[in-house]
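**Q** Handing you a structure now.
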Amino acid sequence: MDLFLQQCVNGLVLGGAYVLVALGLYLIFSAMHIPNFAHGEMFALGAFLQYMFVATIGLPFFVAMVCSVLVVGAIGALLERTVFRRLQKISTVAILVGSLALAIVIQELLMLIWGKDALAVRAPFEGQVELGPVVISAYRFFIICAVVVVSVVLGIVVHRTVYGRRLRALAQNREVASLTGINTSLIGSLTFAVGSALAGLAGALLAPTTAIQPHMGFQPTLIAFVVLVVVGAGGRMGAVIAVGFLIAVIETLAAGYISNTSRGIVVFAGLVVFLAVRPEGAVQQASSTKVRL
């Protein structure tokens, strides 16, 4: 039982990264219908920037985190303006191929700048938190709390602000939103920036807990797309959060009770079973343009 609880808590930490990356991809796909396969590279970029700001420049950890998130958000908006907006005018296939190419370019740039060797960032504080039989480092506990807070704030922004109302209008029907006076171009860029910033925040948060290397965004990208397939584009943000955490817990339980190499097998085998059992529901939701944020 102790191992079960410990692995569940470890899964919540990993789930924090999955949730933030999936939420960012969910916002971008919901509002703009862009399946961005370079989204995970924003996660990697956030981690590398955190390393640069902390280890190279010497900024305090949380100041560095804010800087990393802002830079990644700005890069996301720039990519939307210069790359994805043009690809969107061509076809969905162009977006898929273009985003895959962009992911490779970003990976190679990260490797060119920082090298192939894994980098590390020290956590801003030490100590442990005891939750009954479960012991977790104070920083990992902070990650879980931070993800919950960010998720709540994001929900408030989407449902209670002017930007959120315009975002939901854009998600429902871009043409109608434009006719009502909404600057769909600006909202699209802001949404891409927010989505990218969420992935960058995940990378910056997880930087002290994982090896920082150029290909670290691959797994979160795959999991984010798994979440979108399971939840569907018509699903709620709460479902994205729940599924993201659930997948991470399943991964860590598989690693603890079977083997570390079985983590991906269990998750993607589960996805195959899900698609076999509910192919119509999954396909209909994922292809729906009636998005419910």
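Heads up, the Cβ atoms here are built off N, Cα and C, so glycines get one too.
This is the feature table in TrEMBL:
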- 12-32: transmembrane segment (TRANSMEM)
- 52-79: transmembrane segment (TRANSMEM)
- 91-114: transmembrane segment (TRANSMEM)
- 134-158: transmembrane segment (TRANSMEM)
- 179-206: transmembrane segment (TRANSMEM)
- 212-231: transmembrane segment (TRANSMEM)
- 238-258: transmembrane segment (TRANSMEM)
- 264-283: transmembrane segment (TRANSMEM)
**Q** Need a quick answer: max count of Cβ pairs under 8 Å to the transmembrane segment (179-206), which of 12-32, 91-114, 134-158, 212-231, 238-258 is it?
**A** 12-32
**Q** Could you give the residue numbers and ranges of same-chain residues that sit at least 6 residues beyond the transmembrane segment (12-32) on either side and whose C-beta is under 8 angstroms from one of its C-beta atoms?
**A** 39-40, 42-43, 80, 84, 88, 136, 140, 143-144, 146-147, 150-151, 154, 158, 167, 170-171, 187-188, 191-192, 194-199, 201-203, 205-206, 209, 220-221, 223-225, 227-228, 231, 233, 237, 240-241, 243-249, 251-252, 291, 293
**Q** To the transmembrane segment (212-231), which of 91-114, 134-158, 238-258 is linked by the most Cβ pairs under 8 Å?
**A** 238-258
